[in-house]
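Undergrad: Okay, here's the structure, questions in a sec.
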Amino acid sequence: MDIPVFILAGLLVHCVFLVSIFDIYFSSPLVHGMTPQQTLLPPPAKRLVLFVADGLRADSLYELDGNGAPRAPYLRGILENNGSWGVSHTRVPTESRPGHVALIAGFYEDVSAVAKGWKENPVEFDSVFNESKYTWSWGSPDILPMFAKGATGDHVYTFCYAAESEDFGAEDAAKLDIWVFDHVKSFFNSSRSNQTLFSALNEEKVVLFLHLLGIDTNGHAHRPNSREYQENIKQVDEGVKEIASLIDNFYGNDGKTAFILTSDHGMTDWGSHGAGHPTETLTPLIVWGAGVNYPQKVTSQFFEDNFLKEWKLENLKRLDVNQADIAPLMASLIGVPFPLNSVGTLPLEYLNSSALFKAESMFTNAVQILEQFKVKMSQKKETTLSFLFTPFKPLSASEQINFLKKIRLYIQQQKYDEAVSLCKTLINLALEGLSYYHTYDRLFLGLSIAMGFVGWTTYVILVIIKAHTNLTKTVPTNKKKSTVLFYGFAAAGMIIAFFLLIQACPWTYYVYCLLPVPVWYAVVKEIPVIQDLARNVLSLPIGQSIGFLLVCTLGVEILVFSFFYRSALTVGLLVFAAWPVITQLWIQAKTKAMIWTLLCVLLAIFPLMPVVGREPNIPLVIAAGLLTLLISFFSLASLCKSENKYRDNEDLKVYFYQMLSVALSTYVVSSTHNSLKSKQGLPVMNQIISWMTLVSSPMLLLLSPTFLFERLFSILLSLMSTYLLLSTGYEALFPLALFGLMFMWINMEQEALQHYGLSLKPKLAVFNFTCAMDITQFRQLHLDDVRRSFFFVFFIVTAFFGTGNIASINSFDPASVYCFLTVFSPFMMGGLLLLKVAIPFVLVSCAFEAVQVTTQLSSKSLFLIVLVISDIMALHFFFLVKDYGSWLDIGTSISHYVLVMSLTIFMMVMNGLAQLLTTQRLGLSRRTKHHST
Ligand SMILES: [Zn+2]
Ligand SMILES: [Zn+2]
């Protein structure tokens, strides 16, 4: 295959692999086409008022303050005297949008929202608002419109403050809530002079929704333990009291209004939400008014958390619910159909109504969820060949009828408790079945993609063996045989396509299932190479081949592990430390081997340290600067002593400037952070020096001679002067340790070459990067080159995770750019942080460039090996993609996959940069042509 065709094919295959995860893992679970279900008995309430205090934690509302007084006296009075209360358990991600969807539409928003963005409704859904006669809502423009948009007809009204004018809450976020309360009051006032509105308000099945964003905003700004957050709770409490009495007065105390107060999610002590900590997932729920149970006195009740005692509520029955259960509760209070996609179970204990009403409501609930199951099943059945279809056994058609008949009978016989418990069983089975059919295709699609992955990787391995090794002889291809093969694979492709066609699969399925066909065709076409290879491998001792395979597997597994546990890198580095001993290299180079081992152990410490930025430690940065200076003094001294006739004294000046630059950086870091500590801001002079260092250091580097050691030292000094400015702690020492190891690596690889008798005694000291380019004839690949490439990938991954996790944005600390700017500027900060992350890669890449040219390894064959390693890793991450958990978990699992997939491209770019940095020299006529890649 030609190189451009190969690259194109590779890109295409990887694009398909990448896109496939969104189809396989992140598809919407919602189904459409169910009939609405509703009890025919008269509902207890005519209208419902829903207060959602955004970001309100359960304990913040229920606990008593320092004086033993409740934080929200009115609401406390309600739950003690005339309502029911409990904790509503939210699911992750604990964000506003999924929280509100669970409350109002009754389902936990699917992760396809990740793929489709946050902006609009990714999918259409039904909600209690949509089922109501009229809904009026007040609050944030981020929440309200999504329920108005999904609603059919013109009966959901929203009143939001403009997104831009959210600033009016800047100094006091509670004003956002005051805005809502004020607007509700004036709304009811205006209705007295507006006949249409007045009669609409007096209809049945009316919902009033008050979204109160103040508490969330205050929590983010000041944290939940702040006075601001707690004051805001008090203000909301007063507001709820006023609105409740206003509404009761408006309707002449008809006792037909139900009230619900809850929140969409909680908040951690440090003011964030999104993940699954109990402070985020436990939200309050207080329900009172028409149709709602009064407080139930109990002598003892058991909950795993010890909150009841803390809240002094041991004697009032606590009724916990799942967040989505609130939607059916609201629906049955005002007598509207349950939202079509709701998966909530009606919390019966909140209801104060007849046993018949409860049993009927529960029955409706069960039928409504069963409807979804039926639709989902028939959809799957339609698109699957009947003999391949494996139904969800516990809920076969006859089972369903059995259940429904039995429940009906119990209700007729007035055995309401039995009816209710049977309904609950049916609901659980239906939910189980729903998820069974939702993930029905996952295994089959996953296997297809895995087939493609394995085929592609095998093909790349064959290409490497064929083109870059002398393991196989060129065998003339048998023309007749290959035509037969071609038709065979074409027929297989056709059969697969036909199968997909009769099952009416979406077009993306064709891509996933047909991709393995051409890939495996390409593999099978190379069968002579495989046979040749097999013969070669079989002639080797069996133990050796198995050992090689084991070591390869172990190596890749360690790399995969390091994405989750940075300490896996430590294990890997310790194995590296033992490498000279295992291969007996140490016999021929004792000192070098010892330094290598020492540096490996030293570098192994870094992945064990906490992620950067948590604890600033400027003295360590200064120490790193001084250490760099010390090392450069020694290397300069040894340079002066050595007699290299190609060297001129002009070159030493460049070193001098570079050392000066490192010294300046060290000074700037320490003085900037001192000045910031004493709250004097960033001195202008420091800022100027920082930016000048950033610009001048690459220039200086390009002025230095291109002899191997000189140029590498120059690269270190340049990068260090920038890195120091961007450091706040121990990470400043990381490039130094890494460079030390890289330097020893270059030396050790030379020893390894001699060990295998591949090279004569080299002269690394007089090796010139630009002269190396004249070598056009690269040698064939040796098995040891696989290890070399693995070292490269491993060191790149070490640069990834050595001091933090670059896959997660959480590990970036803005404090590290304070030498450059202190005003918030996301673009600039992002750029500088990216530079900081990139510096260790540049070091590794430059060192590897040196290894490549001194061992005469061609970059092309090398990148093919890297491609194989990264694809094997990618296959792991494909199966590790998560479709549950917090946005952070899901996002990280996707970013791992993308990261590994683009590893090869990333390394190619880095290799280009390394070539530029090692071979180019400014202002001199010694420039020579690039070496071929
Ligand atoms: Zn929220
Ligand atoms: Zn928030």
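Glycine too: its Cβ is placed from the backbone N, Cα and C atoms.
So TrEMBL has the following annotated:
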type	residues	note
DOMAIN	432-886	domain 'GPI ethanolamine phosphate transferase 1 C-terminal'
TRANSMEM	6-26	transmembrane segment
TRANSMEM	484-501	transmembrane segment
TRANSMEM	545-565	transmembrane segment
TRANSMEM	571-587	transmembrane segment
TRANSMEM	594-612	transmembrane segment
TRANSMEM	618-640	transmembrane segment
TRANSMEM	652-669	transmembrane segment
TRANSMEM	689-709	transmembrane segment
TRANSMEM	721-746	transmembrane segment
TRANSMEM	790-807	transmembrane segment
TRANSMEM	827-850	transmembrane segment
TRANSMEM	862-882	transmembrane segment
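Tell me about the surroundings of these features in the structure.
TA: Averaged across the domain 'GPI ethanolamine phosphate transferase 1 C-terminal' (432-886), pLDDT for the predicted model comes to 81.
Here the transmembrane segment (594-612) has Cβ contacts under 8 Å with residues 562, 566-570, 573-574, 576-581, 586, 728-731, 734, 737-738, 740-741, 744-745, 747-748, 798, 801-805, 811, 813, 816 of the same chain, all six or more residues outside its ends.
Away from its own ends, the transmembrane segment (721-746) comes close to residues 592, 595-596, 599-600, 602-603, 606, 609, 612-613, 615-618, 620-621, 623-625, 627-628, 631, 658, 661-662, 664-666, 668-669, 673, 690, 693-694, 697, 708, 712, 764, 791, 795, 798-799, 802-804, 813, 815-817, 819-820, 832-833, 835-836, 839-840, 843-844, 846-848, 850-851, 854 of its chain (Cβ-Cβ under 8 Å, at least six residues beyond either end).
With a cut-off of 8 Å between Cβ atoms, the residues of this chain six or more beyond the transmembrane segment (827-850) that come close are 708, 712, 715-716, 719, 722-723, 726-727, 734-735, 738-739, 742-743, 745-746, 769, 792, 795-796, 798-799, 802, 806, 812, 814, 816-817, 820-821, 907, 910-911, 913-915, 917-918.
If you look at the transmembrane segment (862-882), the same-chain residues 6 or more away from its ends with a CB under 8 A from one of its CBs are 10, 17, 21, 24-25, 446, 449-450, 453-454, 456-457, 460-461, 463-464, 468, 556, 559-560, 563, 785-786, 788-790, 792-793, 852, 889-890, 893-894, 896-897, 900-901, 903-904, 907-908, 911.
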Undergrad: Using a Cβ cut-off under 8 Å, which residues of the same chain at least 6 positions beyond either end of the transmembrane segment (6-26) come close to it?
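TA: Residues 110-112, 114-115, 441-442, 445-446, 449, 452-453, 456, 463, 506, 508, 511-512, 515, 519, 867, 874, 878, 881-883, 894, 897-898, 901.
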Undergrad: Checking distant contacts: for the transmembrane segment (618-640), what same-chain residues at least six beyond its ends satisfy Cβ-Cβ under 8 A?
TA: 647, 652, 655, 658-659, 662-663, 665-666, 669-670, 673, 709-710, 713, 716-717, 720, 724, 727-730, 732-733, 736
Undergrad: Counting only residues 6 or more past its boundaries, what in the same chain has a CB within less than 8 Å of a CB in the transmembrane segment (652-669)?
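TA: That would be 618, 621-622, 625-626, 628-629, 632-633, 636, 639-640, 686, 689-690, 693, 696-697, 700-701, 703-704, 713-714, 717-718, 720-722, 724-725, 727, 819.
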Undergrad: Hey, which bits of the same chain come close to the transmembrane segment (571-587), Cβ under 8 Å, at least six residues off its ends?
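TA: Cβ under 8 Å, 6 or more out: 555, 558-559, 562, 593-594, 596-597, 600-601, 603-604, 607, 748, 751-752, 755, 791, 794, 798.
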